[in-house]
Ligand SMILES: Nc1ncnc2c1ncn2[C@@H]1O[C@H](COP(=O)(O)OP(=O)(O)OP(=O)(O)O)[C@@H](O)[C@H]1O
Ligand SMILES: [Mg+2]
């Protein structure tokens, strides 16, 4: 039973189609990398998954529920920028992950204390415990993204959407963030969609890599056609699952 | 070295800051001296020492008839009107600005209306206010509100719209309602801007206050200035003008200090 089902989704802005006829289904716990040329509609697709926008045609269903019309608790998101609240300290940002759903957006009394303790655990997990009382503006790019992920996870979403989360980081920090994300994912078993421009990253982290591209190209007017998913790679074990499977089978046959 | 790269050292910076004040004072002293030597009973440019004596007399000696020190009563009356007017403007401006910035429905309903309202010259409405609200406190406060509110609304709604969309989406994914988004995301983000807008509105607010007091009042800084104008009492007028300037500067300074203290995460402005 597929967890996320995208059926025949079209999205156009004005009369300009951006994505057309996207069909994909994703199992719970899968890590989906999304790659494609700049401006082909990857972020648009993510916004549709998030229900920040509604498609002009088609629908996105999660766990069989009716299509969402606005963002909600089941889908968390980390953008490339502006992902944390600049007016809250690092700890308050993580607490906000749990408290914004409350009537006043805050915890009081014992709840607040408990939430702070949980937040400190999350921060220790993200390696941010030493800056808990600082404002995000004083953090480096990598730390801010770790905070954004920590905050999104504090809300315990079923799906995490990442739009070029490591796009602005240096290669070293990027590698550290990969390990961080992998560990978190192993722990939570979340379904993840990640847009990236880095193919290596896409194949390293993803179970599947979706490639967005325009299937048809009008030389007179390139903006006439929208993009769709042109390739859907199986990326487990570095993209060579079938070879592994055959080898295993072979070994078994030898033994038998 | 390019001019844009020449930075003053600390003492030089202080010196340069003080310099224009000193220059204006010297220029005034010289001008006053020239006129007074030509005509000792000249009233136009009283000597700095005369102004000082007047200031001391105004702030310490009671009125001959009532025994009240009118200077402080004037100050109190004016500050009350100003605080009330600006306070109402700031509160209304904040609420309406947030609504226009956050709610597309309110934006369609109000944004153009406020834009048109802000084009009405407030002073032209003053006679109407006097007719409708009488000559008492109310019409003066209303004038200040009318004069400053449209700017505050427009400034704050613009600032609210500029809150990154990402933050609003993020808050929604954390389960925040419209109310919580207003309270926990938009409000804190525009608060520093509200203080900024109030600072910028103080100038117009004083203008409207003094205009209203000049026309109809029996107490107030603007009333006094226009009253003693009849006797050409330049020393009194100048004392009041300097006092108003000091008050306005102190308010501005306090608001800035407050903004820095309360919103340490916001980037610093002037
Ligand atoms: N709100 C909008 N209104 C009109 N056009 C839009 C809007 N949002 C995006 N577009 C257009 O849709 C196209 C796809 O944008 P999108 O941001 O999804 O691309 P992307 O694949 O994420 O690109 P990048 O890799 O550069 O982030 C772009 O050509 C963009 O100009
Ligand atoms: Mg994008």
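Including glycine, each Cβ sits where the backbone N, Cα and C put it.
Since we're looking at a predicted model, the values are computed, not measured.
The transmembrane segment annotation in TrEMBL covers B:12-31, B:82-106, B:113-135, B:205-226, B:232-251. Residues or ranges marked as domain 'ABC transmembrane type-1' by TrEMBL: B:75-255.
Residues 114, 140-145, 148-149, 152-161, 163, 178, 181-182, 186-187, 190, 194, 197-198, 201-202, 205-206, 208-209 of the same chain lie 6+ residues outside the transmembrane segment (B:82-106) yet bring a C-beta within less than 8 angstroms of a C-beta in it. Only residues 6 or more beyond the boundaries of the transmembrane segment (B:113-135), in the same chain, are considered here, and those with a CB under 8 A from a CB of the stretch are 96, 100, 142-143, 146-147, 150-151, 153-154, 157, 208, 211-212, 215-217. Beyond its flanks by at least six residues, the transmembrane segment (B:205-226) meets 70, 73-75, 77-78, 81-82, 85-86, 89, 122-123, 126, 130, 135, 139-140, 143-144, 147-148, 236-237, 240-241, 243-244, 248 of its own chain at Cβ-Cβ distances under 8 Å. Sequence-distant contacts of the transmembrane segment (B:12-31), counting only residues of its own chain at least 6 positions beyond either end whose CB sits under 8 Å from a CB of the stretch, comprise 45, 47-48.
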